[in-house]
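To start, the structure itself, in structure tokens.
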Amino acid sequence: MYNLDMMKEYWFHDRYMGKVSFLKNLFVFIFYLLLSVLFFGYPVLSHISTYYIGGGVDPTQYIWSFEWVKYCLFHFKNPFYTNFMWAPHGFDLTGSTAVFGAAFLSLPLTILLGPVASYNIVMILLPALAAFSMFILLKHIVTTTRFFPAILGGYIFGFSSYMINQMSSHMHLVLVFIIPLMGYLFLLKIENRITNLKFISLFTVMLIFQFLFSLEIFATFTFFGFISLVIFHLIYNKIYYKKKPNNNNVNDIIINDIINNTNNANNANKSKDNYEDDDKNKDLKLRMAKTLKSTVLSYIIAGVVLSPYLYLFFIQGRFNVVHFAPADFSSNLLNFFIPSKYTMLGGKFFTFLSDKFDARDYVFDQDAYLGLPFIGILIFYFYKNRFKPFVKALMYSLLTIVVFSIGPTLHIYKYSIMPMPYKPFIVVPLIKHALPARFMLYAFFTLGIIVALFLNEQSKNSFKNKKLNAKLNAIKYASVLLGILFILPPLSFSGRYTNPNLPAFFVNNTSNNYKKFIKKGSNILIIPFGYNGLSLYYQAIDGMYYKTAGGYLGDTPSYFSKYAIVHTFYHAEPIPYSKMELAYFLYKHNVKDVILVPPVNKYYFRLFGKIKINKNLYKSGVYVYPVSLAAISKYKALNVKITKPILKAYYFSLLLKGAVKLVKENIQNLNIKNIKLSPEFLEKHGYIPNFFGVSKNINGSGFAKYYTAQDSWIGPFPLNGKYDKITDGIANLNSGLAAGGHIGSDVKSHIDANNGIGIGIGIGIGGSYKNLRLIFKKYAKYAKKIYFPYPSRYEGSKTGNGLLLMVFSIKNLESIAFKK
């Protein structure tokens, strides 16, 4: 009877404590959620079905994804491929930023409230979920009874500079709440608090959803997870404990090492060479090995489940992955100390510096800001506990993350300084597509752990002077709160939300809406085009009523970019034979209507006025151009033999004009020391139009990296001899490291030795002789050397197919520059 009463007492106690713990956890989540609403939700909540969180057009990709997954569910479509954008060809979504996992989990919200409201609600939830999942991990690591160290550590992860910046546009990069949960699950498995079957099941599900949330985060999590495990293994294998853990329970062998900093820190210095292995250490290694095997098995099972997706990705989707230059999207060294404009303290004041951090001024990739208080805490904590194996492993992991986030080249302010250790990794599959600045996600993950340990160390100290102890604790918490203050976002900033100013034409409950003018399922062209406009947004709120001959979920596919008129859609730049090119495009893509959404460049009215299509109608805030396919059918067999040579000559002339302008502005007395012959540099500084797309090849090496999306080439080339490394080095900083800097000494000496005459500028474009004949006729007389098809020297033949490369001397380019 006595034992039964005790069992009842323990049972009621456990239930009571469980409820208390649940309520505390709920309170913490609500606290995080309220902060997220304050930082990101207001004033979107009052316009939740029209406004959207984030700036620009990037968020429309995720809004469209939410509606697309719902559409696929009700119409039994394959969600990984769509023919509703870039129609009629369609588009493989497996290499895009479509957030399939989030869209699937949010289906009830999307069905009830629509894609815009569903997107907004999820975006508000994401920082709170990231902070809360980190809180769960830290509560386990630090202590199960004290909440404040874990609460603050969770905040640092969920509301870090990384999260605040990426909340301005990139949902797929803030879907990170699973990462701390996977860490929590990993620890439970090592401690034998979860069965192998349960671990594999849960970890596999988490891997699958993280993969479907974001390919980039999945790849970088795997990459840095592997590196961290290697670091921990090396440290724990070489040095284990200076003293055996006080707790005899082997389940807590790592946890003791984490939290027993105060008791062991002084003893560590006295006996730093007296490490010893014991049975517990061997058991830990065995458990770690079993956990790693289970983790690998989870990856294998996840791969099998995702095999249809992976098949599509490697067949086609990988070609739709957007390629950016890692050097352009890396952490600037100053950004660790100087905030971006999305920071309350100093954000606006330091814009004169932060605006120069990124080559393309993408503020949402200035993720490295830690702030001086947190940098001070890291230095203090690492130094004080430098002999602790767990802390040492954390330190090396954090240093690796920070160094890799700097990218392949060290940038200070707007200057490129030297190569960095990450440079070899820019060719590693999957990782090569990740942008180094975004690695700071894992730096803030580590910072959250360190801060929780830092606070917990003081809260568990055993000083006899309680007043002094209280003061030290107060200083600890004050320093952490000061660090949080340093990274707080402003309560109002541009890019926080977007009002799309939705025309009544796209609203379902208006009289003159799209249904009156557009036939369901027909293909339409919307201007502004692609990433310049909101076509994905309109299509999503209209329930996929129509298809679009355009889109924005990655790069423009090659089967669209090959049409010269597409670049006119993007940039409102006239091209030769624009009337024929436009008519040919509209006919080939079966475009039934063209919609101009003001404000648009006036050139578009002239462009579409060239074709005798039905009279444009200004309806409900847009201009509708119904296309008469019968009227333009005469262009269905457009004579490419006429237009193609003109277009090839047009693109070649643009490159040549850019080279001439560069020479004219930089050459004095044939001195080419200041020339930076990088295609990326030429495009960035306006020497050639930005539709050439040169940046997609910046990660190439040697000759290949000077190609552009127009099957053209521009770069340095020797006037005597063949293309070599010295030639390649002229275009890059410090003998071939990054575009836009100072010329290396070996290149400089090579130039000086040739008096600036040994190196010319090569300009090329691909095609058959028939399509390139106008270039030969017009520009061959200025060239020092001609290759066709490259690398063969041109001997006068009127046949052939390949790259035409003309090499111009600096002197000849100068003469061209002064011709009228």
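Just so you know, glycine gets a Cβ as well, placed from its N, Cα and C.
Sequence-distant neighbours of the transmembrane segment (21-42) (same chain, 6+ residues past either end, Cβ-Cβ under 8 Å): 53, 120, 123-128, 131-132, 135-136, 147, 151, 154-155, 158-159, 164, 167, 489, 491, 496-497. Annotation source TrEMBL lists transmembrane segment at 21-42 (among others).
What TrEMBL records for 119-138 (among others) is transmembrane segment.
With a threshold of 8 Å between CB atoms, the same-chain residues lying at least 6 positions outside the transmembrane segment (147-164) that come near it are 24, 28, 31-32, 35-36, 39, 127-135, 138-139, 174, 176, 180, 339-340, 342-343, 366-370, 374, 438, 440-441, 443-445, 447-449, 451-456, 459, 477, 480-481, 483-484, 487, 489. Residues annotated as transmembrane segment in TrEMBL: 147-164 (among others).
Per TrEMBL, the feature transmembrane segment maps to 170-188 (among others).
The feature transmembrane segment is assigned by TrEMBL to 195-212 (among others).
The transmembrane segment annotation in TrEMBL covers 218-236 (among others).
Per TrEMBL, transmembrane segment is recorded for 296-314 (among others).
Same-chain neighbours of the transmembrane segment (368-383): 156, 161, 331-332, 335-340, 343, 391, 395, 398, 402, 405, 437, 440, 443, 447, 450-451, 453-454, 479-480, 482-483, 486-487, counting only residues six or more beyond its ends whose CB sits under 8 Å from a CB of the stretch. Here TrEMBL flags 368-383 (among others) as transmembrane segment.
The transmembrane segment annotation in TrEMBL covers 395-415 (among others).
The transmembrane segment annotation in TrEMBL covers 435-455 (among others).
According to TrEMBL, the feature transmembrane segment maps to 475-493 (among others).
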With a cut-off of 8 Å between Cβ atoms, can you find at least three pairs linking the transmembrane segment (119-138) to the transmembrane segment (435-455)? Only pairs 6 or more residues apart in sequence count.
yes
Taking contact to mean three or more C-beta pairs under 8 angstroms, with sequence separation of 6 or more, is the transmembrane segment (218-236) in contact with the transmembrane segment (435-455)?
yes
Contact between the transmembrane segment (435-455) and the transmembrane segment (170-188) (at least 3 Cβ pairs under 8 Å, separation 6+):
yes
Let me spell it out: take the transmembrane segment (395-415), skip the flanking residues so only those 6+ beyond its ends count, and list any with a Cβ under 8 Å from a Cβ in it.
224, 227-228, 231-232, 235, 326-327, 329-334, 336, 353, 356-357, 367-368, 378, 382, 386, 421-423, 425-426, 436-440, 442-443, 446-447, 450, 733, 737-738, 741
